[in-house]
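Structure first, commentary second.
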Amino acid sequence: MHYCVLSAFLILHLVTVALSLSTCSTLDMDQFMRKRIEAIRGQILSKLKLTSPPEDYPEPEEVPPEVISIYNSTRDLLQEKASRRAAACERERSDEEYYAKEVYKIDMPPFFPSENAIPPTFYRPYFRIVRFDVSAMEKNASNLVKAEFRVFRLQNPKARVPEQRIELYQILKSKDLTSPTQRYIDSKVVKTRAEGEWLSFDVTDAVHEWLHHKDRNLGFKISLHCPCCTFVPSNNYIIPNKSEELEARFAGIDGTSTYTSGDQKTIKSTRKKNSGKTPHLLLMLLPSYRLESQQTNRRKKRALDAAYCFRNVQDNCCLRPLYIDFKRDLGWKWIHEPKGYNANFCAGACPYLWSSDTQHSRVLSLYNTINPEASASPCCVSQDLEPLTILYYIGKTPKIEQLSNMIVKSCKCS
């Protein structure tokens, strides 16, 4: 009796292994590429809530500078975030909203229209104050998905310390003497003498509060970690009783003459170079008509779990390169920027692995044995994805949208 049971189990085991060696489909690269291209066509239209591409209109001779500025800022921000995630081995959140977000850029109002800078006599040595007028977006307060504060750190060759830890605070409206006057948001360690760079902070909660309560919009404060002492970021050492001034300089906030030596010609040249680097907010909003659809038919997506990936085997599951040229591959002329992008796709066989990391695949194979009508073999699917920013026209109106999960970065068997 025991021998029969053991034999039956071994037969079931062998059948299961044989079945699990099959993949979702035979590896036909041309077929995969054609399907991926058509999927991208539908994906873009779906995310924009369009049933068909916008009508072709003559492309504008010149795109307004402010539109290009928003597009460039959004694109650069996404690239920076992707680089940080890669360095920290992090992944894009799997609960990313499906539909495209509209992107709005709000520049910091100039202190002085002619210079957009604070004169040296107006300096606060330990902090800077930055304010934004977001009143135009109040009617869309409930549609806010993300808000980023971006400020360009300038090179300061005269800095007395090579690096500082700067902190961003939301300035609060004090109700009484015991109420807090600021709320911590984030901090960054910056190299004061190094080449300039953009700094980005997630300020979604603060901007959301401003949109709902206008009187609470008192701006942001860029401050030192410990102005009453000297903080050394390299070893987290604090030198007491030694006040430290803010040595980091910011475009659009600090006067050029305080960090630039030379004649007026040099100073004017530096100001011109930094003229497009005003501190600004990038707001990403889900339009109302997309928001309603999102609430009634919310898409649930699989979490990006760690899985076995066959990167170095030609026939097995791995990332395959695919560049999409909007005009050539999709026949579209209505997307102005970019002209195309590296969409990539996942393809290849998923051999069966008897390990603790692939229990999901094992269950699927056993289920397939019991229910052969079901398609339950492990498939090669995308694991890490990144968003894409596009600039397009509907008629003569330019629109900038962020499309989530458009660029495949890695694959897994599932």
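The backbone N, Cα and C atoms fix where each Cβ goes, and this holds for glycine too.
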- Message: Say which of C226, C228, C229, C413 is recorded by Swiss-Prot as the disulfide partner for C350.
- Response: C413
- Among C229, C346, Swiss-Prot lists the disulphide partner of C411 as C346
- Consult Swiss-Prot and report which candidate among C379, C380 shares a disulfide bond with C317. C380
- A 10 Å Cα radius around C413 (disulfide bond) captures, of the recorded positions N72, N140, C317, C318, C380, exactly C317, C318, C380
- For C350 (disulfide bond), the number of other Cβ atoms found within 10 Å of its own Cβ: 26
- Nearest to N72 (N-linked glycosylation site) by C-alpha distance, among the disulfide-bonded residues C317, C318, C350, C411, is C411
- DSSP-derived structure type at N72 (N-linked glycosylation site), helix or strand or else coil: helix
- Note on the structure: Smallest Cα-Cα separation from C350 (disulfide bond) among the recorded positions N140, C317, C318, C411 is shown by C317
- Would you count the other C-beta atoms found within 10 angstroms of the C-beta of C411 (disulfide bond) for me? 26
